[in-house]
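S.K.: So TrEMBL has the following annotated:
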- A:18-166: domain 'UBC core' (DOMAIN)
- A:Cys104: active site, glycyl thioester intermediate (ACT_SITE)
- A:171-210: domain 'UBA' (DOMAIN)
Amino acid sequence: MSQRGEWGFSFPVRLKMIDFARVQKELQECSKDVEESGIKVSPKSDNLALLIGSIPGPIGTPYEGGTFQIDITLPDGYPFEPPKMQFATKVWHPNVSSQSGAICLDILKDQWSPALTLKTALVSVQALLSAPQPDDPQDAVVAKQYLQDHHTFVGTARYWTETFAKASSLGVEEKVQKLVEMGFPEDQVKSTLEAVGGDENLALEKLCSG
Amino acid sequence: MEDYASSDEDYYNQYEADDLVDYDDGDPDIDYTVASLNLGCSSSKVITQESLLAAQREDLHRVMDMLSLKEHHARTLLIHYRWDVEKVLALLVEKGKDELYAEAGVTVVKCDEFFLSKISSIITCNICMEEVSRKEVTLMDCGHYFCNTCWTEHFIVKINEGQSRRIKCMAYKCNAVCDEAKIRKLVGARDPYLAEKFDRFLLESFIEDNKRVKWCPSIPNCGNAIYVEGDELCEVECACGLQFCFSCSSEVHSPCSCLMWELWSRKCKDNSETVNWLTAHTKFCPNCLKPVEKSGGCNLVVCICGQGFCWLCGGATGWTHTWQSIADHSCGRYKDLEMKAARAKRDLVRYMHYHGRYKAHTDSFKLESNLKTISEGKISLIEGRNSTFKDFGWVTNGLYRLSRSRQILSYSYPFAFYMFGDLFEEEMTEKERELKQNLFEDQQQQLEANVEKLSSYIEEPFDEYTEDRVDELRLKIMDLSAITEKLCLKLYECIENDLLASLHHATHHIAPYMSKGAERARGMPS
């Protein structure tokens, strides 16, 4: 939109806003076939700009059996600018930073198209788990291991999946009990677990640091 | 022409007798610079804000005619291939039309509005997932259609991202570049100011994505750009009067290569003021090689690194001293360190040698620009006396040769600094370097001596001379003008053929010798 200024010249007024109507529709679409795809997207809070996605580890890969949480931040220009995604669950993969969870994927950068959706982007992330691209790595250490010592790579990736991506398979009660046994007060354990979305490892980290 | 030739400086005039071109004494109008010296005949044009559109029209029309394309398709193609029409044509032959277009994102298969009219009047936009009426939908050449609001939003994001020149269709994996007219229309309806910016970006692609065109680097900026038709390694003069090296956009610096000039100007920036002071007031610490200033006291100086040294000989010493002697003071003991210090010192001295001469010629070049006004004053005095001299072309030409030679001489010093310094350390043996350096310095000295002579002749108060003496001076100046020109060319030949051409690893090219200096770019009709 454009406004005519006091002195007669025009200057642009742009209030960039996320297209929340579309995000709502995307969430609905996604929940329709969650049984089939296993891909979930849900808002972190009331604010639709922060979401959390989750994808099942592809069958036949070291990630099989794990559930991977992905933090999604929508920029103001969404869907005309790509969503920002990064793994919240630790994952051992050449194209994902083992430190920060940052993902190296073209459609999240210059190949993004407004016609893509959060779900299609998550499907691409899932496909990346099945088909790593070690020549275009995000994590050089992992990529080197992938190329030079594949056996160890598979082992590490599987171990990380077991350790970090399966934790939430425990029931809430069991998790609470486990953490209480470690010596944290029950109230604090419960609230912390809730705050981190039920991930006991994250909760432990938070309890230890705080 | 000969009275100075008979002097004891014959050495510097060895070219005059046999090598000179004949010139007609009776007609000083003839410019007796050797015509063939104009080696790189690149012709350049000035592109102003107004002529920017006209400048690209020729290239656009060539492509439009050859491939029977619409203007916006031709522009997309040329932007993709960096305005290299020859390359577009070569690729057309090599790969064929389809691949050429596909790579650049040009879709010529026309999906017209008729296509839209066949589908229902209410359409779901795949971006916002809203239902909109057919009138609110825009179809691109590639066949993808979305609602106008989403297109507009997409265009605005892309323009603000600085991607105006290649806004692609919104469909996933569609490589087609959107029609600029449709972009202009949709963006203009929302934000006319941004639409204008979009147009400007498209136009300026001709300058920014084109190896034949460069912005003039003048400060304050004149807003012009220069288009070069021939070799891009050349020096040009913009309509605003600034001369610059087309290849690196810094000041003219031939016979220095662009890399040498870059290194040199950075070095001078770091050094200029300090170097003089440092050499006058400090000595290098024999341990850490930092320059140390003696603030007072005895000759035992202790550097910040803890090393003591003798202020007199610069040699490393211990810390204690008596009235007569300093402990451990022995100049021979720390040979290795001493050599390091000596090397650092030699490097500095070497730099100062070259910088001093570079600066001297640059300064003379600036001072001699006043000579023009002074000489014009003298000429008008003579003319006022109703002298038989009617033509003073020899003064103008002499002045011009003087300033050109000064320019070349001053840049020949940074050239020599790098040519015979560490930049090409591995390219030649010590012996080769010495030989080449001698060869080069001979040329340089000859030019230098003649330039100084030319300078002194031109400064002579010829307005007070008798006509015979003026005539004598005229001959001398004409002669020296031709000699210096010849020597400039020889210096370039030496640099290009004997020095740079023999490098094995590095490749340094220099803007070729131009008798008349940087070429003044022609204006263009807007």
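Placed from the backbone N, Cα and C atoms, the Cβ positions cover glycine too.
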S.K.: Averaging the per-residue pLDDT over the domain 'UBC core' (A:18-166), what integer do you get?
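M.R.: Here the predicted model's pLDDT, averaged over the domain 'UBC core' (A:18-166), is 88.
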S.K.: Return the residues near A:Cys104 (active site, glycyl thioester intermediate) by Cβ distance under 8 Å, restricted to its own chain and a separation of at least 6 in sequence.
M.R.: A:Asn95, A:Val96, A:Gln133, A:Asp136, A:Pro137, A:Gln138
S.K.: Translate the DSSP assignment of A:Cys104 (active site, glycyl thioester intermediate) into the three-state scheme.
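M.R.: Looking at the DSSP assignment, A:Cys104 (active site, glycyl thioester intermediate) belongs to neither helix nor strand, so coil.
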S.K.: For the domain 'UBC core' (A:18-166), jot down how many residues DSSP puts in helix, in strand and in coil.
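M.R.: Helix, strand and coil residues of the domain 'UBC core' (A:18-166) number 58 helix, 26 strand, 65 coil.
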